[in-house]
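Report on the structure given below.
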Amino acid sequence: MYPFLETALRWLTLTRSSFSETLGRRTIYIVSFSLFVVFSILNAVSVDISMLVVMRILSGGASASVQAVGAGTIADIWEPAHRGRAMGVFYLGPLVGPLCAPIIGGALAQALNWRATMWFLSIYGGVMLLMLLFCLPETLARPPPPPTVPANALQRVSTAQSIKHHTINTAALVKRYLIDPLSVVLYLGHPPVLITVYCASAAFFALFVLNISIQSTFSSPPYSFAPIPLGACYLAPSLGYILASLVGGRWIDHIMAREAKRAGRLDPLGRLVYLPEDRMRENMWLAAAMYPGALVWFGWTAGAGVHFLVPSVANFWFGVGSMLVFGVTTTVLTELMPRRSSSGVAVNNFVRNIFSCVGSVIAQPLIEAVGVGWLCTMVGLFALVTGMAAVWALQRYGPAWREEMDRRLSRGEGPEGE
């Protein structure tokens, strides 16, 4: 039940990303982390399981804003030539969490109790809130204010006209703040957005299958690891994330610049003109093959009870491959929708959370039914075939699809024009 409720709540990230385009990134961060601190404290003082589940869902929803709005902040600050490197570092946050969280959480729960983990999150959220208040400026570029109406241009209107005017304004505000933010899912009607989101979501699905498999396999015989050693098993993929973020970001920036030079695309000032599809070259082919292969490697070695270092090496390469996918797809989405980068990433997060929900729900029953080896093989083969097809389609048809998408959006046939 928890994965489904958590996914439903992540729908709110669509509204927060849209609000960030008008209210500013900093406002969303401060409000979200304030709520996160409150809900985490309520988690720590929960009196029954129902209260704990509800507060965990609310705190998870409050913390999710950074995933959607954070990529928009990166797009605000960095030019396309260096954005891949910055996006790789940004993605260390949500992906390296498994590096620290299981170890810290396991140690706190083993030394104290489960409430200690909730108090730790409350303190951590409070520290982050203070850093946001005093260290983070607003990064969203504000549009110029509309011209003011001269005082002598004001006219007397009747009460009926005034009521009608305020009614229209109220309806417009409701549409703007409650309906329009959800319309960003219409971006999925554009093939380059849909396929890019699918690439990220398939990798995220495999990631959650792997996470469940690590917990299930290493906590059972022949391994039977205690909480702290079990948490340490997540070190391997996290180290892969770190390596890919540090190297992969520079790599995709280099590939994009290379493709622009090769095509001879220059603006009137002689600067290179970058296109989103330039980022998806040999890096995506390698990544689309690496993480499914590593998943299959993990499944059969862990399922056979081989020394834990062997499947851990597989998890390292899974981390490298999946992180390359996440970095490329998120950067491409911010460049496909430069005016609403946070909204594009929010759609990506929402869809991938649906995939992660499915992965979380089906992984353990399938491990019990067919074993971890066959589960990882099925997921790996599916990710490999569909991922390769997606990369091929984006390279073959991506430029034409992007140009058609730009034309449709310029005519108002999309969320930006509604």
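In case you wondered, yes, glycine gets a Cβ from its N, Cα and C as well.
Automatic prediction, not curation, is the source of TrEMBL annotations.
Per TrEMBL, these features apply:
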| type | residues | note |
| --- | --- | --- |
| DOMAIN | 1-398 | domain 'Major facilitator superfamily (MFS) profile' |
| TRANSMEM | 27-45 | transmembrane segment |
| TRANSMEM | 57-78 | transmembrane segment |
| TRANSMEM | 90-112 | transmembrane segment |
| TRANSMEM | 118-136 | transmembrane segment |
| TRANSMEM | 193-214 | transmembrane segment |
| TRANSMEM | 234-252 | transmembrane segment |
| TRANSMEM | 285-310 | transmembrane segment |
| TRANSMEM | 316-337 | transmembrane segment |
| TRANSMEM | 349-366 | transmembrane segment |
| TRANSMEM | 372-394 | transmembrane segment |
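The listed stretches are 193-214, 316-337, 372-394; of these, 316-337 has the most Cβ pairs under 8 Å to the transmembrane segment (234-252). Outside the transmembrane segment (90-112) by six or more residues, the chain places 66-67, 70-71, 74, 120, 211, 226-228, 230-232, 234-235, 237-239, 241-242, 245, 319, 323, 326-327, 330 with a CB less than 8 A from a CB of the stretch. Between the transmembrane segment (316-337) and the transmembrane segment (57-78) there are at least 3 Cβ pairs closer than 8 Å, counting only pairs 6 or more residues apart in sequence, which means the two stretches are in contact.
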